[in-house]
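Feature list, courtesy of TrEMBL:
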DOMAIN    21-418  domain 'Amino acid transporter transmembrane'
TRANSMEM  53-78  transmembrane segment
TRANSMEM  137-156  transmembrane segment
TRANSMEM  168-189  transmembrane segment
TRANSMEM  251-271  transmembrane segment
TRANSMEM  291-310  transmembrane segment
TRANSMEM  331-352  transmembrane segment
TRANSMEM  358-380  transmembrane segment
TRANSMEM  400-422  transmembrane segment
Amino acid sequence: MSEKEEDQELEVGSEDEAAGKGTWKHAAFHVATTIATPAAYAPLPFALASLGWPLGVSSLVTATLATWYSSLLIASLWRWNGKKHVTYRLLADSIFGFWGYWSIAFFQQVASIGNNIAIQIAAGSSLKAVYKHYHKHGTLTLQHFIIFFGAFELFLSQLPDIHSLRWVNGLCTLSTIGFACTTIGVTIYNGKMTDRESISYSLQGSSSAKRFAAFNALGAIAFSFGDAMLPEIQNTVREPSVKNMYKGVSAAYSVIVLTYWQLAFTGYWAFGSQVQPYIVASLTVPKWTIIMANIFAVIQISGCYQIYCRPTYAYFEERLASNRTSMLKNGLIRLILTSIYIVVITLVASAMPFFVDFVSICGAIGFTPLDFIFPVLAFLKAGKMPKNRAAGISMRILNVGIAAWFSIVAVLGCIGAIRFFVEDVKTYKFFHDM
């Protein structure tokens with residue numbers, strides 16, 4: 001039996017245990033938690049500042065509509081050939097075969113690991129901001145708070161599966177709304193308190209710097225809509241799973257539109273081209289609301305982190321753990337695996353706390369293929385076109401157009417992200433207290 005066949009047999013067995021329990025509301029919680037994280041939409045004002053109003057707004061709106069559409073396509077492929085596909089890898093294998101399976105496995109790992117590095121930096125930054133509010137001359141650094149957050153995630157990692165996180169993710173969804181409402185309100189307040197004549201919306205730097213900043217911004221926008229876990233989430237939803245997933249995805253995107261667009265637009269309006277990569281760092285008054293926004297951010301990020309580390313956990317647990325061994329032994333295996341994973345992520349985040357760089361790299365290399373390109377190509381390959389000829393042709397043109405455009409975005413975003421990453425490595429020492 002090949003490794004892929006073993007993976008398929010093991011995954012179907014293990015995932016079916018948690019299948020069919022969740023409602024569309026639970027699906028909405030999971031989808032909203034994986035996409036609408038503060039680490040995803042906090043960089044959006046900075047992305048708009050790198051693109052300017054016309055290109056920034058059009059890029060944000062296009063990305064929103066494209067990923068909502070792509071998510072519905074993935075949900076519709078749940079039983080496209082009569083067989084349930086419980087992971088993204090197995091869905092890709094059923095449509096594209098060997099190369100599809102391993103391509104998705106690669107992109108999913110890049111997305112999940114890159115995402116967790118970025119959000120662990122964001123969580124550490126928020127915890128440090130709260131600490132500095134009460135201890136202005138405190139000696140704890142960003143690295144201390146990244147480690148504290150990693151320890152908490154190690155505790156949550158002992159929960160068995162995604163479905164067991166449903167109440168955590170329900171709280172995280174409420175925190176998403178709390179973070180967005182607080183941050184949007186404080187951003188508008190800060191914007192009104194600022195001398196509007198001092199705010200500039202012009203693109204900063206030389207022609208070359210502007211170009212690379214725009215490329216980097218495209219990667220950041222792609223990251224903000226990242227959700228590499230849709231089939232895994234759909235596996236936790238009861239029948240009719242496709243209909244429930246449609247409702248869950250659409251409800252989650254309602255939250256996304258209300259949060260993403262308003263924070264992106266108000267953040268850029270308030271601070272112009274001087275807005276910080278993590279919007280909360282641009283806020284100055286009132287202090288208590290900024291503290292509240294940071295607390296909301298940490299709560300929400302804690303759930304998102306868990307969703308994205310699960311594919312890695314599952315891959316190794318299915319090969320090392322067994323139903324025939326004792327619960328104590330399997331628990332010990334899980335503790336060792338999760339400890340290794342979190343130590344590695346924590347070490348990288350602490351050594352290179354370049355938040356927006358990891359956001360852009362992860363968006364370009366991981367999330368763009370998974371969330372923009374693969375879904376439309378998979379739908380075409382699966383032959384799920386409408387029977388109406390005109391509708392079928394229109395849908396085919398739309399899918400090819402999305403795949404072509406976002407392939408270009410992936411390349412440009414990767415170029416911009418690598419350039420900024422190299423510059424930051426030259427500028428800062430490892431374990432720099434940002």
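Yeah, the Cβs are placed from backbone N, Cα and C, and that goes for glycine too.
Where in this structure would I find these features, and how exposed are they?
Using a Cβ-Cβ cut-off under 8 Å and counting only residues 6 or more beyond its ends in the same chain, the transmembrane segment (53-78) has close neighbours at 31, 35, 44, 47, 84-85, 91, 95, 201, 214, 217-218, 221-222, 224-225, 227, 230-231, 234, 241-242, 245-246, 249-250, 253, 256-257, 260-261, 264-265, 268, 371-372, 375-376, 378-379, 382, 384, 402, 406.
The list of residues near the transmembrane segment (137-156) in space but at least 6 beyond its ends in sequence, with Cβ under 8 angstroms from a Cβ of it, reads 120-121, 123-125, 127-128, 131, 165, 168, 298, 301-302, 305-306, 309, 338-339, 342-343, 345-346, 349-350, 353, 431, 433-434.
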I'm a bit unsure how to read this: which one of 168-189, 251-271, 331-352, 400-422 has the highest number of Cβ pairs shorter than 8 Å with the transmembrane segment (358-380)?
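Out of the listed stretches, 400-422 contacts the transmembrane segment (358-380) most.
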Going along the chain, which residues at least six beyond the ends of the transmembrane segment (331-352) come within the CB cut-off of under 8 Å?
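Hits for the transmembrane segment (331-352): 113, 116-117, 120-121, 124, 142-143, 146-147, 150, 153-154, 157-158, 309, 312-313, 316-317, 320-321, 358, 424-425, 430-431.
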